[in-house]
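Trainee: I'd like to ask you about the structure that follows.
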Amino acid sequence: MQKNQIVDLEITDLSYEAMGVAHLDGMTVFVNNALPGEIVSAKLLKVKKNFAFAKIEKIKKESPDRINVKLRQWVQTGLASLAHIKYDKQLEFKRNQVVNLLHKADLDNVKVGQTMPSPEETGYRNKAQVPVREVNGKLDIGFFRKHSHDLVPLTSFFTTDPEIDRVLIKVRDILRKNHVPAYDEIHNKGEVRYLEVRRSKATGEIMVILVCLHKDFPQLKEVTKEISEIKGVTSVVLNHNPKKTNVILGKKDYLLWGEPQITDKIGDVSFKISPQSFFQINSLQTPRLYDLAIQKADLKPDDVVIDAYSGIGTIGLSVAKHVKAVRGMEVIEPAVEDANANAKLNGITNAEYVVGKAEEVMPRWAKEGLKTDVIFVDPPRKGLTPEFIDAAVETNPKKIVYISCNPATMVRDLQLFKEQGYDFDEIDPVDMFPQTPHVEAVAVLERTEK
């Protein structure tokens with residue numbers, strides 16, 4: 001097998017990145033956008049010792065689970081890499097990811113629930129971050145082609161709230177009209193690197209964030225004025241990112257016009273969201289995710305709960321009405337200020353948040369005599385540190401509720417908890433990100449009586 005060779009392949013499976021998997025001459029071949037059951041003629045793009053990557057030239061036998069995608073670019077860019085698969089099969093694929101991870105970890109006895117579908121299959125995202133680059137001599141927005149930094153221009157982002165799409169295009173046109181130079185990442189020059197737009201499903205408020213190389217540029221005043229006149233926009237912010245880096249946001253935000261925050265809701269709890277706040281992307285699915293976690297935790301009115309990695313308090317403040325007290329911690333100081341302000345905003349008096357690392361704060365609270373019944377944790381994709389796991393176990397809660405955006409690190413962490421006397425018998429997948437391979441999951445660990 002060699003590069004550029006055309007081969008016929010029978011697709012037998014999907015990889016965790018949703019690439020078609022085939023086998024030929026003892027090698028595994030990953031085929032972009034191919035589905036199990038399909039027979040394809042494919043061109044080999046990269047050939048390694050034990051595996052190869054290929055792209056479809058022709059589908060000879062099509063899967064009944066394939067659907068036609070209006071814009072090929074949605075799949076090409078990875079913006080919606082499952083858009084060609086029927087939604088019920090996407091849910092099945094996500095459940096299988098969890099089943100396979102448990103199987104590899106010799107945990108076949110753990111029950112995996114059916115993936116909870118999202119109320120919206122498209123247009124569900126309450127936030128978009130899109131790169132701004134020059135394409136064919138003019139400023140454009142879109143998404144990078146998979147595994148590259150080539151911008152594919154787009155006018156519709158499919159998974160994003162259509163109101164956000166409308167604002168993105170209007171802002172693009174304002175930047176063009178005012179001859180604002182797009183960022184050039186090779187030479188680290190130009191002005192606007194990214195556009196970020198956040199919209200509250202609850203209030204309709206829209207925040208526009210210009211991520212810029214410089215904190216001022218000649219057209220900024222006029223651009224701000226024109227953006228502020230777009231219907232629905234309540235905030236215009238400049239985020240200053242002067243570094244030559246792939247990191248999207250810089251550390252400093254400047255309010256150019258309007259309100260410093262927008263307000264959204266999870267269930268009946270309101271949250272003020274700042275430009276850099278972490279807030280779950282799928283507004284309609286988030287309350288269902290939290291309700292599932294609360295139900296599985298079987299909380300009691302006398303419970304004391306720790307909300308670790310608390311962000312702006314979304315989980316803890318959603319839990320507060322079910323329990324006696326919520327204590328939370330987070331390393332990002334502005335997020336802690338927002339969490340305490342959000343408690344006040346909702347008249348929640350039994351929740352408080354502090355700045356600090358969970359692995360340092362939890363043992364301190366335990367020494368001070370705090371008896372914790374339940375820990376809720378929703379870590380970043382890399383999962384929990386061994387130090388956190390040790391500190392959580394030392395805190396000796398009856399239960400640990402683990403909400404994960406990466407089942408691979410979740411299964412790893414659950415095994416570490418298991419070794420330290422906490423057991424679990426079920427994982428429930430939740431679809432927070434339809435049209436993408438990402439899967440959220442919930443598990444409840446219970447202390448086994450030693």
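Residue numbering: from 1, along the chain as shown.
Note that Cβ sites are derived from N, Cα and C of the backbone, with glycine treated the same way.
Okay, these came from Swiss-Prot:
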{"type": "DOMAIN", "residues": "1-58", "note": "domain 'TRAM'"}
{"type": "BINDING", "residues": "Q280, Y309, E330, D378", "note": "S-adenosyl-L-methionine binding site"}
{"type": "ACT_SITE", "residues": "C405", "note": "active site, nucleophile"}
Trainee: For a quick check of packing: other C-beta atoms within 10 Å of the C-beta of Q280 (S-adenosyl-L-methionine binding site), how many?
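Mentor: There are 22 of them.
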Trainee: Quick check: which same-chain residues outside Q280, Y309, E330, D378 lie with their CB within 8 A of the centre of the S-adenosyl-L-methionine site CB atoms?
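Mentor: So the additional residues around the site are F278, D307, S310, G311, T314, I315, P379.
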Trainee: Expressed to the nearest Å, what is the distance separating E330 (S-adenosyl-L-methionine binding site) and the residue listed as 'active site, nucleophile' at their Cα atoms?
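Mentor: If we compare the Cα positions of E330 (S-adenosyl-L-methionine binding site) and the residue listed as 'active site, nucleophile', the gap is 18 Å.
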Trainee: Among the binding-site residues E330, D378, which residue has the fewest other Cβ atoms within 10 Å of its own Cβ?
Mentor: D378
Trainee: State the count of C-beta atoms found within 10 angstroms of the C-beta of Y309 (S-adenosyl-L-methionine binding site), not counting that atom itself.
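Mentor: So the number of other Cβ atoms within 10 Å of Y309 (S-adenosyl-L-methionine binding site) is 21.
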Trainee: Just the number: how many Å between the Cα atoms of D378 (S-adenosyl-L-methionine binding site) and C405 (active site, nucleophile)?
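Mentor: C405 (active site, nucleophile) has its Cα 8 Å from the Cα of D378 (S-adenosyl-L-methionine binding site).
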Trainee: Any idea what the Cα distance is from Y309 (S-adenosyl-L-methionine binding site) over to C405 (active site, nucleophile), rounded to a whole Å?
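Mentor: Distance between the two Cα atoms comes out at 13 Å.
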Trainee: Sorry to bug you, but what's the C-alpha spacing from C405 (active site, nucleophile) to Q280 (S-adenosyl-L-methionine binding site), rounded to the closest Å?
Mentor: 11
Trainee: What is the three-state DSSP composition of the domain 'TRAM' (1-58), stated as helix, strand and coil residue counts?
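Mentor: Summed by class, the stretch gives 0 helix, 35 strand, 23 coil.
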Trainee: Report the same-chain neighbours of the residue listed as 'active site, nucleophile': residues 6+ apart in sequence with Cβ closer than 8 Å to its Cβ, ordered by sequence.
Mentor: D378, P380, R381, M432, H438, E440
Trainee: Per DSSP, D378 (S-adenosyl-L-methionine binding site) is which: helix, strand or coil?
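Mentor: In three-state terms, D378 (S-adenosyl-L-methionine binding site) counts as coil.
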